Structures are given as structure tokens and as C-alpha cells.
């Protein structure tokens, strides 16, 4: 029996009555239709199995209709098209509809049933009668509603109505306001557009501006609910369940009231082809002897390809296919219109008359094609739409194309309409897997699940998001591809430059371009505006004040987020003046002021370097103004130029929005101003961390709300092999991320379709007490998990299933509600949907959890290059480059200089004996390189000079070590890689090292090590000289001659053990024991050199007896290491060099040792 209950939702009485509905055949072509007698608002349905049997449904579809045709499927969450049924014949399963359905007819379609029984059903529907006034419009009629004097406009106006139509275009509502403005609500291609129309006058055309559009497929002849709510200038437009908000022009108002109407309802029976096995077979009854045929139909689809119809020819055994390919209509060859996969209805007309074949789309508006085959094109006896029966079922149908998925209606064969209801009743033709008397097309792009401006496209069953140029990635363009701050870029190993940052990650704030300055210990983020240069004041004629506005490259919400997340911000504010007073007047009001802070900014009467509200400049705060009685230098009103400048660092006053300069019109007044870029450093979110020291400890936060899309990102480090990072539970749903083993992270969740897992396995240990990054995302299409830089793992969501993640418990961080498998270690920078959780604040008040987490060098220390030393900070680290020849954030920037022939750089190496005799030196000041265990010399150079002396190291005992460039005679291939070491005896007790290393393997040079021994030590070092040698005494005459010539070219990153003479001369000349003679200009002449010390030269030229080196790679210089072996009184030389050149014949050779 079928019951209609009252709205009180009374229960099904299983103890009264027996039996139930059970069709003769149990298949998916059966249904039970219920006529409720009148339009009813249906709120719930309940089912039982057939009384006293093994017959019940395990799942079913629910359809509804107003007139008993044109059925519409009821869907939960816009994705689930079925209802779970019963598990036995007696229990009652009731479902409340999340949104009531208004209909007279219900239809229950069995999908699955008890496998050992049959279809069996008892049901009950819950609801109440629904009445409303209805009006019909034929396309040329209209209804005018004029406001009476008793209707008063308030601050809130509401217009609501329901409509349904088969036409995809037309004006639904037109409201004329005052001042020649009107609002028009128009249906265009099944989508509702709201336009503001400017009515110029009756004889001229009006202009319109579209405010927004909403809805899709609204021409499906089903009721759609429209509501417009206006409060002041804000207008909310709602179509069914989806709302858009727009701003209307000032002074425009809707009227108060409710209007409900509809359109006429011509009967149109549609058929849906939902799957790959769908087809419709119809008999062709017209005689083929006439030589003519015609057919037409309408279709709509999202797919670009699919078979529309096919039939066999009566002669020659041929076949005809009409199909879609790349959204174009094809008949044998590519002909017809385009963009036919737009979800709109398209009419196709195929005729064959007197040997001429014609196919047209949309009554020739969309395209027409003709052909004149040499044989008649006629239907043999059957015509197939959409596809073909299963193989071996019908030999008259072949489909070499994709199966059609979409809807068809108004099928006409030889001018005779096809009665699809007879097809449904098996009285005409044949079909499989069709949904007749309904069009089941769904617009998965309205509303779009593509976020951040991603473009949505779709097929019959899925949608896709194109995230190109959006700055976001993922299946729904949810996750930002950019980091949130310059600090984050630095810890990825980046150096200074322009970067896009996304301050709220997956949140609504768009990415912005900033400059990241990483040359300092702090990493500065710089936001530019339209004028950061020193600008002379040129007041406008007739204006007593000069006002300047500054427009920033970042939007308001971006600036606000930067200021909030940064630890410190500043902006330079400078005023240069000549008889132009700045702040203080005799009556106390300021001459000038500036506006700063959020929005347009608040008036600020202090200057750079002073405190807010002080009405002072920096000199007033420090007490050193040019006039001690005043608080700004410029207020002294002097004829000479003065300046008041300093930094604004009060974040509530930043950024500086505008300046108002008041004393600029007097005779003789001159002034200039400068407002620097907004500069911030420190990322409070990036280093926000907590340490969990027990498995039972955890932090808890409010419930995480990520119903349709959720992303979670954080860093962790641990020595434990397992632990739950995060967990949030619902009644059935949950979300969890955990370290399941020492090399596996698991992301698991359930949105009502059963638990799903995404796993990432690493080839390295994750419990190595180093920071590792986890990024997880779940949306309506898929779930993904990324660990460090490993490939991302994904898990697709079910095509039909629940999509809303419904959680209600607290969010647990570092543990679970059961206090089992808790995480032991550190978690930092935890973000959920772009919002950073303040772990440190919560850890302050939570036992077992400590705020902060030190020990960053173990993870980021490898970023410090070239002997740079990683130094721990409370929030992060920095690289100490004091022992490196390089500078920069990672000790990676070369220190280079151009040398001229007269340039000389002499670095004094302190003698420990002299230091011991001088009481002013402490033992800690002894230079370690004067007591040597070995020599390590490295440098980079570029020159065309040969021969040349690169470096000379001398000792107090007249010993020296020299590094030379020399040319060598032309060699054949057999003598390549030949090195020569020269040792010269000047006195019996003096030993000198003159290193002349050369190689003729120009390209693809490999590192080569050589061991050389000597009987003496090189000790008590005195000085290191680059360029021209000033003190030539005690040097070999030929070496002295070479040293007097100096060096012409580029020297870079010169280092001898821990001494960096070039860096000291260029950056610390006043505090280092270095003397510079002649021109020494710092340049970037060495910065383009390759970072690979063993790679080949980029360009070299070798001609005659001279080699000219035009480009040398970094570290392409001799590396020498002389290691003392005290017991043997010998030295070992280990070295490699990248090139050398020709030795002059006059150079003396006393001993030579050839190594191959």
C-alpha cells in the first residue's frame, strides 16, 4: 500500500496490512509510480520490503514530476543519484530529503535488490499540500505590476518567484527604477543573467551592463526558484540553492512583494543515453522505393564525441553514421556546425531527395552540408540512435565511434513523430540502458568547483579544471604554487630576486609580486609603490598644500596580510628642505602630515625615526636637531639644505598612503621628499612550532571546516617511527594524517563513502630529526599527498558518492582522542586551508607540549656553501660567511675585483713570536695560519695576461710560495696532462716553492691529484700579496721581474686557508691587516663563473705559442694543500689546476719533476 502522511512525519505501520509491490520481472526497467493527487511538498520517503518474504530493495532511484512526464531525478548533495534501501523485509528505512521536492508524481526505480529474492517494496511519502498561483506566458505576453502609493520602500526589498520553461532565452523580469535605470533578468542559453540597463530615452537604444550570471540548464521544464534580495546597494541573487552577491548603482530599489509564475507546458518526451551500453533502435516503416528520406531530432550533451545515429543502406550493403567528433557534426566526412557539446539543445535534420543528401544543424543556423553520392541513401529497415546493441546481438549495427552520452527528443522519421512512451512500454522498437521521459543531463560546472579563477570544462560524467595562469594547482585549482613569504623561498635555497608570494596559500587573497632581499641576516620582503625616488616638490598653482598619493603593487588585503604575518616592518620617510618647515608651528598644529595604516590611512603627525603621536622627527628624539629648541631640523627654517629622515616601524601606521606638505609656497622655499618601499622581515607563521614529548600529549583546536575542499600543510621532524600528526572526527566522517612507519606517511579520510587512504613511501628515513614537509589536499575530485619533493600520490574520489566532509569533534594536533599512537617530535607551520594555527600560543598552556622547536641547521645547514657555517636562531638559521671567501645568504656570492698593473693587495699574517713579545696581544689573537699544518690556496681568475703572477705568500725566513700563469709551447696530444713542479735553492737554508702547473686538455677537464715531497717546511708566514709585488727583496730575479709587472684581469674568491685577503680589502679594509695600493674596483667579473670547480672552460682560444684564456670557470684555479708530516720532515703537495700556458725560455729551471 502507498500512504501520504502529514508533515508530522508519522512512522510506517508495519503491523497493519500485508503484501507489497513485486513486479513480474525483476530488472532495472521496472518502476512504481505514485500519484499524490495534487502538487505536494515532499520532505521524506520511507521503504520496507514485501511482507513475509525475501523480497526487498537494497538501492533505488527517486524521480519526481508535475504532470506525469518529463521526470527529474532527485539527487543528494548534487552528486548522489541513489538511495540505500533495506537489509530485510520488515525494517523501515527513512530518508529526510535535504531539500524538499515539489511534485505531484513520484516514481521509484529499483537499482538493486536481495540477490536471493525479488523486487519487493512498501513505501510511504511525507509532506504537505503545496498551492500557488500560476500564470503562463507564450513568448509575446507580459505582466505589468505597478506600485501603489501604499507600498513604501524600505532598506530591504525582496522579489521571489518560480519559473519553468522549454525556451532557453527570454526576458523573465524587468524592473524600471528612477533616474533612467532599470534592472533586467534575462534567460540566455539556459543561464540567468542580471543586467543594469541605462534608459537614455524612448527613441534611442539603451546600454546595459551585466552584473552577474547564475544557473545552468534552466530550460529543462522543471521548476526553478528565484529570489532577489536587496539591502541598500547590495543585491543577492539566488537560483535554486546557489547565490551571487553584486553591488547595484546608488538609488536603485526593487519593490516589496512576492510574484510566482511559470510558462506553458508543451509535452516533450526526452530520452537519456547515460552509459556506454545505451542505444535506441527504431523501425523504419517508410517505403524505400520512393528514393527519399528525412529524419530530425534534438540532442544535448557535454561530450565532444559520440554516435548520434546509424543505419544500413538497402543497396550495396553500405552504412551511414551521423556522429559528433571534436564537438562537430560528421556524416561520413567532417561537415556541419561546431561547439555542439555546450549542453544546449541542437536540432539535426537529415534528408535525402533526388540524389542529394543534406544535413543541417539548428535549422541551418548552425551549419548545413550537402553531398551527391552515386547511390541512393536510404534506411534499410532499422535505425539506431546513440549506439549499437551488444556484439553478436545485432549484425545490422556497427559503431566505430564513441557511444553517445546525452539526451535526445523530438525524434521524427519521415515526418512522423516517434512516440517514446510506446518505446518505453516495449510496444515500439528496442532499447537498452535508457532513461525515457527525462533528460538526466547535469551541469557540473554550475556552480563551478574550480577555485581561484580556474576554467571549468566537462564531459557527461566528469568535470576538469584548467588552472593555467591562475597561480594554483590541483584537480580544483585549490593549492597555491607559490610560497607564503620570502622566508619560505630562502629555505628552499633561493637567492635574492622577484618572487610571487601567496600570503594565505589556498585562501582568497591572490598571489603578489614582491622583491626578496636575502643578502642580510634577515630576509626582507619589499613591496614597491609608484614613486620610491627622491622627488622635488612642485606645488600646484593656487594650492597652499602639496598632496602626494602612493599606489602599491599589492592590493589592500595583501598588504594587510603581509603586515600581520611579518615580525617587523619599516618604511623610510625622508624630507629635504630649504626654508620649508615640516611639523611644528607656533600654535602647535603641524605644517605637514602623512596618512598611513589600513584603507585610506589615519593622519600621522610624527616623522621617520620618532614615536607615534610625538609630533617629532628623529633628531628631536635623539636631541641633536640643528636648533635645540625645535624637534625637527627643517623646522629651523634655514637657508641651507637640511634633512629629516628615518624609519617608520610602527606596523599600525604602515604602509604610508599619502603625504600632505604644507610649507612649500613661500618665496625661497624648496623641498624634496622620499617614501621608500615597504620592507618586512620574519614570518611568524613559518616558524610557529610546538614540541610534543609524549605519545599522550596533544593540542586541540576548534573543528576543521573543509566540507568541499581541504588542504593541510606542515613541517615535522622526529626520531620516532610512528605517530598521528592530525585527526578530526565526525559521526562517521573523519580526516587523519600520520607517520605510519619510519619511511611512510598516510593521509586517510571518510566523507561517507568508506575510508580512503593516500600513501607516500620514501627511500630515506623520516625519523632522522630533520624537517620534512607534508602537503595533503582533499576535494570533490581527488585526494593528494606530497612529502618533501617526492612525486605526489593521488586517489580519485568516487564518481557517484558523498562529497561533503562533515566533522564535529575537536581538531587534535600531535595525538588522537584515544591518546594512542601520538606523535613525539616537532610540528611547525601548520596550515589548514591557508590559515596558520598558532601552535605556540596553545602549547604555552598545554602540559606535555612546549612552544618552539630549535635545531634547524640539521635540516638547512647544507644550504651554507663554500665553508659557510650554519648558525642556529630561535626562528631559523643564518650562514656565517666569516671564514669563507664568499658572501650572501648562503655564502654563494663571489667577491671579485678588477686588477690593474699597479694594483697591489698585501695581507699581513701575524707572526706568533712577535705577538708573544708584545703584551698588547692576547694568545687568542694569534693568527692560526702563521702556525701551519698545510696550505690550501684557492681563487678564480680571468685574464689575457701571460706570464703573470697570481699570488705570492712569503715567510719571515725568506721562504715563499708563488702561483703563476705561464704559457707553454705547442704540444701534441701525447703530452697533454703533463705537470711540472719547480724548486729553487736561493740560500742553503732557504727553500722556495714556485708552482707552475699547466694542462693542454682544454675541454672536459677532470680533477687530477699529485703528491710532491720536499725536504723543508714552509713556516712562520709573514704576508700574502695579490697583484703587483712592492717588496722585491730576497726574491728570485726572474720571479721579481714577473711580480713587478703586476696582474691585469679579474680575481675572485681568493682564499688561503682561512684568510680571505680580497674580501678583507673590499669589505673590511679598516678592520683587517690589509694594505691596498693602486686602483682596486669591486665588480661582478667573477660572478658568471660556473659553480662546478671541475667543469671545462666555456670558451678558449689557442694559437701559435700563446694560449689566450677568455673565460674561466669558478674554482678553475690551482687548489694546493701542503700537509706537514712532522715525523718525516717532509711535505706533500696535492693540487689540481684547470689551465696554464707557455713558459718563457729565459725562465731558469733548477730541478724539474714530470708527473703523468
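Using the three backbone atoms N, Cα and C, a Cβ is placed for every residue, glycine included.
Worth saying up front: this structure is predicted, and the values here are computed from it rather than measured.
The annotation disulfide bond is assigned in TrEMBL to 826-853. Taking Cβ-Cβ distances under 8 Å and a sequence gap of 6 or more within the same chain, the neighbours of residue 853 (disulfide bond) are 689, 690, 691, 717, 826, 828.
What TrEMBL lists as domain 'F5/8 type C' is 1-128. Break the domain 'F5/8 type C' (1-128) down by DSSP state and the numbers are 0 helix, 67 strand, 61 coil.
Over the domain 'Laminin G' (269-439), the average per-residue pLDDT in this prediction is 82. Residues or ranges marked as domain 'Laminin G' in TrEMBL: 269-439 (among others).
DSSP states for the domain 'EGF-like' (441-478), grouped as helix (H, G, I), strand (E, B) and coil, give 0 helix, 10 strand, 28 coil. Marked as domain 'EGF-like' by TrEMBL: 441-478 (among others).
Summarising the annotation, TrEMBL assigns domain 'Fibrinogen C-terminal' to 477-529.
Positions annotated as domain 'Laminin G' by TrEMBL: 688-853 (among others).
Across the domain 'EGF-like' (854-892), DSSP classifies residues as 7 helix, 12 strand, 20 coil. For 854-892 (among others), the entry in TrEMBL reads domain 'EGF-like'.
Annotation comment: TrEMBL describes 979-1000 (among others) as transmembrane segment.
Here TrEMBL flags 1126-1147 (among others) as transmembrane segment.
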Interface check, the domain 'Laminin G' (269-439) with the domain 'F5/8 type C' (1-128), three or more C-beta pairs under 8 A: yes
Within-chain partners of the domain 'EGF-like' (854-892) [C-beta distance under 8 Å, separation at least 6 from its ends]: 487, 490-491, 493, 495-496, 518-519, 521, 523, 567, 682, 686-687, 717, 769-771, 938-939, 1053-1055, 1058, 1060, 1062-1063, 1067, 1091
Residue 826 (disulfide bond) CB neighbourhood, other CB atoms within 10 A: 22
